[in-house]
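Notes follow the structure.
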């Protein structure tokens, strides 16, 4: 009896619990709908196939395939844009594109549409500055290109190769290119010089130790003290011959000009000679620009008319007829319009001479190349040295050289240049040379070329203008800054290709 009573009590307790739970957990139907809402799809009484396409229903609530997405967009390109992001995620969410570029999402990648002036995967490269790095990889001239980053151009007489960077000669006598026969002669001469130096170095009377690679300590250094040492691989081999003794009055002048060496015939084929019609002597030098144009210094033509002198191309030894020379009368001459000898004999020191008959080009007479202003500025300041040549005096107030000679001189920074001179150095001039070493151009070299090699091509970078004596300690040679006169040169000569770009 007692057991039956316990069962009744337990059932009563359970019934009371169930009643209270039903009141606190379960809600009426109209209230439950406000807590959990679910779109009714299959219970609408219609098949899904007859419903209008819905992107959320097809691809968000469920996993869709490409065809289902295309049914919604009904456009291939829009479908692809959605599908790439749907499958792969949006690669542009991290904003990888720089400098205001537009980002376009792609499969596992993205594309940056760069604004003008920028390139690279993320438009991080300023194309205007790419030419400052290794000349943009161009053999001659570099320019900014919106799509490729850089574009390359070539000097007159060259064409751009298929690689878009190399310049190929269009003829046998393209500007600034030494002939193959001359290169062979130069190689032979270098070999003979090296053998001679080895012989001297191994002799009993040599002052060099057996393992020496240069002149003894007492010899004037080959590189200016303020310039860092340069790799010999960047210099022509003949530059590293020991410096010859300083020429004194009374000594033979057949060995050198001021610190220079005799030119191998054809080594400087753009060198021209200005010769007095009466005295038949070379009074200035010049550079061949084309078959009818020669550039020189304006002060060389001061007081002269076109009948006072003639131009000789292919000259080497002025006292010998070597069969390579050609003489040309002057048809017209143009000094720079800003040149005024009364205010300054050497400011704007540039002139152009047109020949009455064209030069027949050969390995011994061909033009030097002209570059764009930016290219020439880069070449002048970045190159280790430049080549100066002429028949000028071999020492200050000494005798002229009958044989064309050359000397390599480095560019001098403008501040140092101005501090070294007692006369004004204008922005149309620049300094080149050595502070203490006896290497310089001299009287009679005026108007001649200051040329710089880039790869296998020589470009005109200056004109021999003036100096305080020759190779004087603490003084440099002063040259006309040719790059500043390209617009004028192009207008007068018609040599316009690649010269009109800044």
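Every residue gets a Cβ built from N, Cα and C, even glycine.
Summarising the annotation, TrEMBL assigns signal peptide to 1-23.
Residues or ranges marked as domain 'Gla' in TrEMBL: 42-88. Mean pLDDT across the domain 'Gla' (42-88) comes to 62 in this model.
Per TrEMBL, the feature domain 'EGF-like' maps to 88-124.
What TrEMBL records for 114-123 is disulfide bond. Around the Cβ of residue 114 (disulfide bond), the same chain contributes 97, 99, 101, 120, 123, each under 8 angstroms and 6 or more positions distant in sequence.
Annotation comment: TrEMBL describes 201-227 as region 'Disordered'.
Taken from TrEMBL, the feature domain 'Peptidase S1' covers 257-494.
What TrEMBL records for 299 (among others) is active site, charge relay system. The Cβ neighbour count for residue 299 (active site, charge relay system), using a 10 Å radius over every protein chain in view, is 22. According to its DSSP assignment, residue 299 (active site, charge relay system) is helical.
The active site, charge relay system feature in TrEMBL is assigned to 349 (among others). Under the three-state DSSP scheme, residue 349 (active site, charge relay system) falls in the coil class.
Annotation source TrEMBL lists active site, charge relay system at 446 (among others). Residues near residue 446 (active site, charge relay system) in space but far in sequence (CB under 8 A, at least 6 apart, same chain), listed by position: 284, 285, 297, 299, 300, 390, 392, 464, 465, 466.
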For residue 349 (active site, charge relay system), just count the other CB atoms lying within 10 A of its CB, please. 29
